[in-house]
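Per TrEMBL, these features apply:
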| type | residues | note |
| --- | --- | --- |
| DOMAIN | 43-167 | domain 'AAA+ ATPase' |
| BINDING | 51, 52, 53, 54, 55, 56, 57, 58 | ATP binding site |
| REGION | 415-465 | region 'Disordered' |
| COMPBIAS | 429-455 | compositional bias 'Basic and acidic residues' |
Ligand SMILES: Nc1ncnc2c1ncn2[C@@H]1O[C@H](COP(=O)(O)OP(=O)(O)OP(=O)(O)O)[C@@H](O)[C@H]1O
C-alpha cells in the first residue's frame, strides 16, 4: 500500500478557538450556547452553523466539544438518512444522557451538510431531524452552506450562527503560521496571492499552499515567490458557474453555445470535465446518472487520446460531449447547488490530487497506454462500474490486477476481488509459474508476454464502458 500523504488541512486543523481565523462573533455565539448546556437545556437545543465551505464551521463544532469534554457523534450526507436511521443514531444519542450526568456525559451530535438532504434515501430525514432537534436533551450542531437548503422545521428550531469568510489579512496570518511550522519560506506577496485567489476559502488556501510548497521542494527551490503561483482566476470561475447553470438548468441551447464559446478560451476540457463530473451526481441519479456518464466517459476517452496523440482537434469533441451531452439529458426541473470539483477545490487542488500517487491510475495508464492524468480521470467511472456492475468490475479488476484494497477503494466488494482472482488463475497455472512469484511480477508491472496478451483483452473491457 502506498502511504497516504498527510493533508495540511488536517494536520493544522485548529484545536482551540483562538486558532480559528476570523469569525470572532460566530465563535462567541457558539461558546455562549455551549455554556448554557452546563446548567440547563437551552431554548435552542440545536445551532445551525451556516456559511460557505472551508471556513471553520466543522472545526469550531469539534473545538466546542473538546472544550466541554463532550463526545461527538457525526453524521454526514453520505449516511443514508432515512427516518429510521436518524431516529436510531441521532434520536437515541440525543435522548440518552441527562442533565444529571453533567457536561461530561453529553454527546454533541454534528449533522454535516444539513442543507443537502435530498433524494429518496433522505425521505423523511428532514422531518426526523426536526423531531430530534425539538426533543433532544443533547446539543446538536447542524452544518450548512445554504440556510435555505435546510427545511423550515430545521431552521426554526435551531439558532442560526453565521460564519463568514475570513479576510485576506487573517488568511495570510494563518498561512504564515503554517508555512513556519512546515519550515517553508515564502515571500509575503506570494502568501497574499494565495489568499487573494482563495477568496476567504481557508481550506482552499491551505491546500494551495501545500501543493505549491511541494512543487517548490521538488524543484529544489528555497522560498515560494509570487511567480510560483499560477492559480486560476475568479473570472474563470464565474464563467464556469454560468456554464454549469446552462448545462443543468436551462433549455436555451443558443445561449449555452455562446457561453461555451466564451469559456473555451478560459478553461481546458480536462478541467471542465472535473467541474461537470463533480456536479453531475447532484443532479442525476440511478439510470439517468448512467445516461449522463455515457457522454462524459466518451469525453474522457477523447481526452485520453489527445494526451496520447497530441491531436488537439479532439478537444472540441470532448467538450461538446460533456456540455451538450449532459445538457440534453436534463431530467429534473430543480437546480443542484454547484460546488467546485472536490478533485481540485479552488482550482489548484487538481494539481496536488493528480500528483498523488495513485496505484490504480498507474496500473490503468500502464495497461492502457494512457497518461497518468487521463487514467486518474477514469477513476470516477470505475467507481460507478464497481458499485453497479460486478461482472464488468471483476473483468477489469482481473485485467489490471487490482489488489483487494484497490477493489475496495473503487467501491467493489470481496466477491469482485475473489472472482477477479479466479479469472487470473488458469493463465498462471498454464505457464507453470508459481502464482506468488507471478503476482509479484505483475505488481511491479513487468512487461511480460502475458501482460501484452492481457492488454488486448483489457482494452475491450474498458473500451466500451
Ligand atoms: N477559520 C479557519 N481557521 C483556521 N483553519 C481553518 C479555518 N477554516 C477552515 N480551516 C482549515 O480548513 C479545514 C476545513 O475546515 P472546516 O471543515 O471547518 O470547514 P467548514 O466550514 O466546515 O466547511 P464545509 O462547509 O465544507 O464542511 C480545517 O481542517 C482547517 O485546517
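Glycine is no exception: its Cβ is also placed from the backbone N, Cα and C atoms.
Because TrEMBL annotations are produced automatically, they should be read as predictions rather than curated entries.
Same-chain residues that are not part of 51, 52, 53, 54, 55, 56, 57, 58 yet have a Cβ within 8 Å of the Cβ center of the ATP site turn out to be 49, 145, 163, 202, 203.
The number of other CB atoms found within 10 A of the CB of residue 56 (ATP binding site), across every protein chain shown, is 26.
Taking each Cβ in turn and tallying the other Cβ atoms within 10 Å, the top scorer among the binding-site residues 51, 54, 55 is 55. Contact annotation for binding-site residues (52, 53, 55) versus ligand 1: 53, 55, each with CB under 6 Å from a ligand atom.
Non-local contacts of residue 58 (ATP binding site) by the CB criterion (under 8 A, 6+ apart in sequence, same chain) comprise 49, 110, 112, 143.
Residue 52 (ATP binding site) carries neither a helix nor a strand DSSP state and counts as coil.
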